[in-house]
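Take a look at the structure below.
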Amino acid sequence: MTVTVRVPAKVNVQLAVGAARADGFHDLANVFLAVGLYDEVTVTPADELRVTCEGPDAGQVPLDATNLAARAAIALAERYGRTPDVHLHIAKDIPVAGGMAGGSADGAGALLACDTLWGTGASRDELLDICAELGSDVPFSLVGEAALGTGRGERLTALEVGGTFHWVFAMAVRGLSTPAVFREFDRLGEGLDVPEPVASRELLDALAKGDPDALAATVSNDLQPAALSLFPELADTLAAGRAAGALATLVSGSGPTTAYLARDPASAEKIAEALRTSGTCRSVRVASGPVPGATVVDSR
Ligand code: C5P
């Protein structure tokens, strides 16, 4: 039997970050929106656990037990007292180390694929618990659509969205490490009072209405100054997107992928073309959201 699961990328339309906690993580108010850029994880029985990867960024993906897909298979196998003897193949389209939850997508995808292959009968809540152990963004990759993440981002509340939002994403010439961006956030905030992170009422209303202008007026990312401090050239990419008519521009999560909110699909194409010719990024993609989370697309 072979099972293939498709998992979307995410953009954070609000990322409010609190002070560092005793465990080193930060409390967040993290408004996730799943967008239509996908990784696919295919699982097949094998003699032992093995990970392979294809796609433009495949060379940057670790294929050992640090890969979140491998860790997901191991965690599920441990819970159900079996060996994780599978071949996991990742068809990667989400940028690596890009702030779009590509690694988390592979973790959630492998978990759902192995669960389907092995027929464990695990409940949704059990799967979400394993996701939360794997990483702060992994539960959202499983559920998709739109959600508010609190705690370190793993405690999810589904959000209502009243329409489709059109986005352009510019992939940067190099990656940024999420822990490094959080460390820079701490460094920039040293000696300052960091407020409790709270979700913006206006932003949640804009999502519920499906109103791109209202969303543009309320998007925010507390990690953006830290990402720009580590990667100053991103300011040029953001400026190019703004000049091409983006309603809002922001760094996606911990970056360095940058996100551009467009009024409609035609405007998204125009912004994408301007970014492609700006010479300020590696590649450009258009995607809209919300879209569903991890989904079994093939099982035979
Ligand atoms: O949970 P995840 O493994 O994705 O987190 C990666 C790193 O990002 C953590 O080790 C931590 O440095 C940072 N992080 C954080 N606060 C969060 C989420 C992540 O400091 N809420």
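Each Cβ is built from the backbone N, Cα and C atoms, and glycine gets one as well.
TrEMBL does not curate its annotations; it predicts them automatically.
Neighbour count (other Cβ atoms within 10 Å of the Cβ, all protein chains): 32 for Lys10 (active site). For the recorded site, Lys10 (active site), the DSSP three-state label reads strand. The active site annotation in TrEMBL covers Lys10 (among others).
The active site annotation in TrEMBL covers Asp137 (among others). A 10 Å cutoff on Cβ-Cβ distances gives Asp137 (active site) a total of 30 other Cβ atoms nearby, all chains included. DSSP gives Asp137 (active site) a coil state; it is part of no helix or strand.
In the three-state DSSP scheme, Gly99 (ATP binding site) is classed as coil. Annotation comment: TrEMBL describes Pro95, Val96, Ala97, Gly98, Gly99, Met100, Ala101, Gly102, Gly103, Ser104, Ala105 as ATP binding site.
Taken from TrEMBL, the feature domain 'GHMP kinase N-terminal' covers 67-144. Restricting the average to the domain 'GHMP kinase N-terminal' (67-144) gives a pLDDT of 97.
Look at TrEMBL and you will find 204-278 tagged as domain 'GHMP kinase C-terminal'.
Long-range Cβ proximity for Ala101 (ATP binding site), meaning a same-chain Cβ under 8 A and a gap of 6 or more residues, is found for Ala9, Lys10, Ile94, Asp137, Phe140, Ser141, Gly253. Its own atom aside, the Cβ of Ala105 (ATP binding site) has 36 Cβ atoms within 10 angstroms in the protein chains shown. Cβ neighbours of Ala97 (ATP binding site) (same chain, under 8 Å, six or more residues apart in sequence): Gln60, Gly175, Leu176, Ser177. Taking the mean position of the Cβ atoms of Pro95, Val96, Ala97, Gly98, Gly99, Met100, Ala101, Gly102, Gly103, Ser104, Ala105 as the ATP site, the remaining residues of that chain whose Cβ falls within 8 Å of it are Ala9, Ile94, Thr257. Neighbour list (Pro95 (ATP binding site), Cβ cut-off 8 Å, at least 6 residues apart, same chain): Asp57, Gly102, Phe169, Met171, Thr257.
A simple way to gauge crowding: the CB of Gly103 (ATP binding site) has 27 other CB atoms within 10 angstroms, across all the protein chains here. For Gly99 (ATP binding site), the count of additional Cβ atoms within 10 Å of its Cβ stands at 30 [all protein chains shown].
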